[in-house]
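Here is the structure we will look at.
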Amino acid sequence: MPPAPPADFLPARHPWDTLWVNAHLATMTAGAASPYGAIENGAVAAKDGRIAWVGPLADLPGRAEDLAASVQDAGGAWITPGLIDCHTHLVFGGERVTEFELRLTGASYSEISRAGGGIAHTVRATRAASDDTLYTLAARRLTALMAGGVTTVEIKSGYGLDLEHELRLLRVARRLGANFPITVHTTLLGAHALPPGVNDAPGRARYLDLVCDAMIPLAAAEDLADAVDVFCEGIAFTPEETARVFDAAQAQGLAVKLHADQLSDTGGAALAARYQALSADHLEYTSDDGLDAMAAAGTVAVLLPGAFHMLRETKLPPIAGMRARGIPMAIATDCNPGTSPALSLPLMMSLACTHFRLTPEEALAGCTRHAAQALGLGASKGQLAVGFDADLALWDITRPAELAYWLGGNACVGRVAGGRLD
Ligand code: DI6
Ligand code: FE
């Protein structure tokens with residue numbers, strides 16, 4: 001054995017991997033004293049993929065070069081938690097441009113759906129596409145979301161609507177998560193619509209059996225789904241059917257969430273709350289009773305201003321009621337070919353402010369801390385705080401409210417996922 005080298009021959013040990021300096025921070029921590037939990041002239045450090053230090057640059061416990069193996073000059077950028085898109089339908093074939101044109105001439109979303117278009121149209125295109133085609137199309141959409149600062153995304157199935165194709169969509173989503181520097185959470189949405197060609201009561205019952213007795217257990221066994229979702233609506237599934245799907249999900253230990261009260265008040269929000277759902281999403285038609293139940297259960301309200309905008313909806317979700325009850329509000333793209341072909345989460349922040357009158361600070365909380373909560377990730381993502389995942393987005397803006405100001409464009413100048421720079 002050669003003698004050990006003297007200590008001063010050993011390479012310098014840095015406590016941290018990477019340290020960002022020359023930055024302003026919108027930490028978005030819960031209960032922060034300052035708006036946005038802002039720290040001007042701040043610094044943030046990562047070690048092993050987690051945030052190891054965050055605070056004012058002046059409080060750094062030593063010289064930057066001694067503290068981190070890599071010191072990054074953020075160039076005066078604002079750093080926020082990496083954005084979280086907590087509701088997308090990213091994996092689908094084709095598009096729905098013809099339907100878009102039809103709606104512009106006055107046809108409604110429900111009419112098109114009842115006439116066999118809408119979701120059924122995308123189901124046909126999705127089933128016809130190969131795995132690689134679906135992967136490539138979804139990867140392009142994912143790349144666009146990431147360019148806008150997204151470091152965590154939820155991806156639903158829901159355009160397969162049979163056993164083989166629903167599981168296939170979830171596998172594509174898992175493959176995206178394995179190959180891209182982003183956290184992917186997957187959701188089985190087998191109960192998105194009845195499959196094309198199923199239109200009688202026995203067919204309906206058989207399809208629900210398939211979702212509950214085959215899709216959910218198999219998705220759970222293969223670890224393909226982190227949660228189960230249902231479209232509870234007049235043109236989709238009833239509250240009773242939704243409850244059955246939720247029972248099947250919970251029997252497998254899967255979290256539940258709900259497309260609730262988007263086009264009418266079906267009592268979806270209260271149903272979601274009864275099942276301790278992570279989130280209830282859309283909520284344009286939710287009643288005060290539904291809000292009371294959500295507040296008591298701690299269910300997050302996911303607002304989807306892209307769908308509201310695209311459908312020229314006029315019924316606003318009850319934002320004041322949510323605020324009054326302290327219900328956390330998240331914002332997501334709902335990226336889907338029918339009602340929200342949206343590829344920018346910052347644009348959704350802008351729409352949420354303009355259409356729903358959220359404050360820019362509420363909008364940013366909606367894409368960070370509250371979106372993390374909507375995915376059950378509130379303890380590890382969505383805040384710049386020690387111990388949280390080192391998922392960051394860097395922005396060329398003068399102050400955080402500017403994030404919700406631009407309509408398009410892209411102020412994101414850097415992205416860090418799990419401590420790694422893109
Ligand atoms: N609500 C929506 O806005 C999307 N799904 C849902 O349940 C729309 C899906 C589509 O039209 O393709
Ligand atoms: Fe949706």
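Positions of Cβ are set from backbone N, Cα and C atoms, glycine also.
Because TrEMBL annotations are produced automatically, they should be read as predictions rather than curated entries.
According to TrEMBL, the protein has these features:
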{"type": "BINDING", "residues": "His87, His89, His259, Asp334", "note": "Fe(3+) binding site"}
{"type": "BINDING", "residues": "His87, His89, His259, Asp334", "note": "Zn(2+) binding site"}
{"type": "BINDING", "residues": "Arg96, Tyr159, His192, Gln262, Thr339", "note": "4-imidazolone-5-propanoate binding site"}
{"type": "BINDING", "residues": "Tyr159, Asn336, Gly338", "note": "N-formimidoyl-L-glutamate binding site"}
{"type": "DOMAIN", "residues": "78-398", "note": "domain 'Amidohydrolase-related'"}
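Ranking the binding-site residues Gln262, Asn336, Thr339 by C-beta neighbours within 10 Å puts Gln262 at the top.
Cα of Asn336 (N-formimidoyl-L-glutamate binding site) to Cα of His259 (Fe(3+) binding site): a distance of 13 Å. Within the set of binding-site residues His87, Arg96, Tyr159, Asn336, Gly338, Thr339, Asn336, Gly338, Thr339 have a CB atom less than 6 Å from some atom of ligand 1. Listed in sequence order, His87, Thr88, His89, Asp281, Leu304, Gly306, Ala307, Ser340, Ala342 are the same-chain residues at least 6 apart in sequence whose CB falls under 8 Å from the CB of Asp334 (Fe(3+) binding site).
Residue annotation for 4-imidazolone-5-propanoate gives Arg96, Tyr159, His192, Gln262, Thr339. The furthest Cα pair among them is separated by 20 Å. When the binding-site residues His192, Asp334, Gly338 are checked against ligand 2, Asp334 have a Cβ within less than 6 Å of one of its atoms.
If you measure from the Cα atom of Thr339 (4-imidazolone-5-propanoate binding site) to that of His259 (Fe(3+) binding site), you get 13 Å. Close to His259 (Fe(3+) binding site), meaning Cα to Cα within 10 A, are none of the binding-site residues out of Arg96, Tyr159, Gly338. In the three-state DSSP scheme, His259 (Fe(3+) binding site) falls into the strand class.
In three-state terms derived from DSSP, Asn336 (N-formimidoyl-L-glutamate binding site) belongs to an extended strand segment.
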